[in-house]
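So the structure is just underneath, and the comments pick up after that.
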Amino acid sequence: MVTTHPFQAESSNPFPQYYCYLSSLDSDAVVSSRRVLETRRNSENVDRNPAPSMPVRQQGDMYPPGSAVYKVTLNFGGTNAYGTFSCDASRSGRADSTVSNILMNSGSYTYPEDGLVTQTVNMDDRGVEIRMAGAQDVNRWHRNTLNVNILSNPNYPNYDFTGMNLILNFKLNISKIEDEGLYQTLSDSLNRLDSRHGLKRLIVRSCPSNHWAPPTCYGVCDNCYNGGVCDDKTGRCICPPGFMGANCLTACNDDQFGLTCEFRCTSDGCKGLQFCLLDPYGCSCGAGWKGLDCLTVPDVCPVGYYGPNCTSICNCRNGDQCDTMTGECPNQHCGPGYMVLLASVTCQECQGDYFGQLCQEECHCVEEACNKLNGQCCGHCKPQWVDASQCLVGFEEATSSKINPGASTDVSCVLRGSRRVRAGLSLHLSREEAQIVSNGIQELTAFSVGDVYTGEFRADNVTDKDKVFCLVVDQEDEIVAVLSTTVNEYVLPVLTSPPSLLHVNVSLIAIQWSAWDAVKDMGEPPIVAYIPYYRKMSTKEWIAGPINNTSLTFTAVNLDSDTLYVFSVAAVREGEKGEGTRSPGISFRTHCDVSEISPVDVVVYLDVTSNAVNVSWQIPEDIVCTTGISFFNIYVEEVGIDGNPQLHKRIEGDIHWAILENLKKGYYTFLVTFTIDTESDFSETSEVISIVEDLAGTPDAKGM
């Protein structure tokens, strides 16, 4: 919305008018106009608030293609044009939008001190004042309706005024959404129908500074430069007249304005024109002008101010003047509490919990409620800081060592504050936040380095995600600061594959395994050792072998023969209680001990018919091995020839006889053994068999 300056509601101007501008995106919207509030109804209920005429669409080459411009003429002129009016646009599929302006009388006894008919603040802003100037003493402030003086009405308890200034919510010193509205300044001698009382519309963004998306206001605004305002509903920048772009960094030519600088002013450099944009921006002069009449050149801005209406504060170091158009300080040197943020040229208030020169010092107040200049808190300290004007004593950090499950954790509580300020305070570690519970907690040491005091503790019987609390206690045993730390546990290592067999005999089993591997195995490194385990299959109690720091093998000795044993291996990571769960088990059987057992009743004779030697034997009754006989071994020993018996034939274990061939003539004795895992002792030597000629033939028994 564009009007000439706000002083149009006077007798010298019979036909006040204003224009409604729509960009090409909304050129097909339906446009209407109305009087927003009744500002000229006196105590006798005399109504001087006529409605405006319908908007008329303008035609001509001076308007860009695709745009829409509507003219609203107030046919009732003079003081009847005093008040606040709107341009309303509605379009299918889009939210309705409203832009409001204010028209006043140049002979008003009071008027906005800053030369702006609107004032935009944020929810929870502190120190909000509406400041008026003029020759008339003010003793009444009205909001929205003329019939309620908010200074004396009990429904408005949180307002105060000093002279011409209204302080909002002075008891809380915080602006609220319900403070929004049109404020009017009156006195007992001022006739409302004369339309000479001051008007100022307060716009309250629905979120705190630099945030959007009510009611949570989790959205963080992008930087809006050159006086742009972050829309609390969309998070987009509403750029002041004469600037465009996502961050309002692009300047239009001196006589241009609009969303894309598409419109032109008819006067020189938009001189004397007031522009009203969507809330929460409000109204201002065009770029390069200021004052209620928008006729003052901005290069005469007071030192420390810049922007379209010289209302933006430079915040330069040492109070230096910034560029009156861009707001950039010399060498981008900002004063305490401000810094130039990324992609910006102006000095912005410290973000988050920081204050001071270059925003390098950290505040310790709740809800970022600290003075960005000196760090003093407007409210309370964070829970880990002691309540004082600047929260000068408090926990800088609390840390706990990551542990293996079941181990003790070492906790460090770091308290910052001078020795003088710390006097009378004591440091504790507790299992609870609201009281000291120190069972299982041991104080290890405490030391100071400058203003930093560190207490170190050890807490046992903690598990993953448990919290322990660093507490500061005063001389009255009151807990004045709290900071927690959460215990975290390592995942113990587990070998996912069982060990394998390396060697076995009647009394020992040797195993081997692969080293822990981060890809195929479970848990967290580093692995410092392995513990082998074994047990009899018939029992549940494991026997732990020695801890192996480097070896990947283990031999269990002195085992029972012919017994099934289960083997497993546990990996061990560094630290207390670092042993992980055992790997999958695997069973191996020791060999059956047959070293002192042998076949019996060995009978040998020469079968002349088959031209072979027949050998038979019996199994001893004292064989108790779990597994059966694998095979029998038949040895031949030639009489009179030194040497060990020679294996001549091997027979499968279920056959107790054999036919021997391929023996040369001579005198022989025969011995038999059997094999169960290992070979038995020799049987008794058979009688001597005399072979008078070489034997040849095919055996009847299966064998080699």
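Glycine residues also receive a Cβ, built from the backbone N, Cα and C atoms like all the rest.
Unlike curated records, TrEMBL annotations are generated automatically.
As recorded in TrEMBL:
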COMPBIAS  38-47  compositional bias 'Basic and acidic residues'
DISULFID  CYS239-CYS248  disulfide bond
DOMAIN    222-249  domain 'EGF-like'
DOMAIN    495-593  domain 'Fibronectin type-III'
DOMAIN    598-701  domain 'Fibronectin type-III'
REGION    38-62  region 'Disordered'
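Neighbour list (CYS248 (disulfide bond), Cβ cut-off 8 Å, at least 6 residues apart, same chain): CYS224, TYR225, ASN226, GLY227, GLY228, CYS237, CYS239, PRO240.
Residue counts for the domain 'Fibronectin type-III' (495-593) under DSSP, helix first, then strand, then coil, are 0 helix, 42 strand, 57 coil. For CYS239 (disulfide bond), the Cβ neighbour count at a 10 Å cut-off comes to 27, with all displayed protein chains included.
Confidence for the domain 'EGF-like' (222-249), expressed as mean pLDDT, is 90. In the domain 'Fibronectin type-III' (598-701), helix, strand and coil residues by DSSP number 0 helix, 50 strand, 54 coil.
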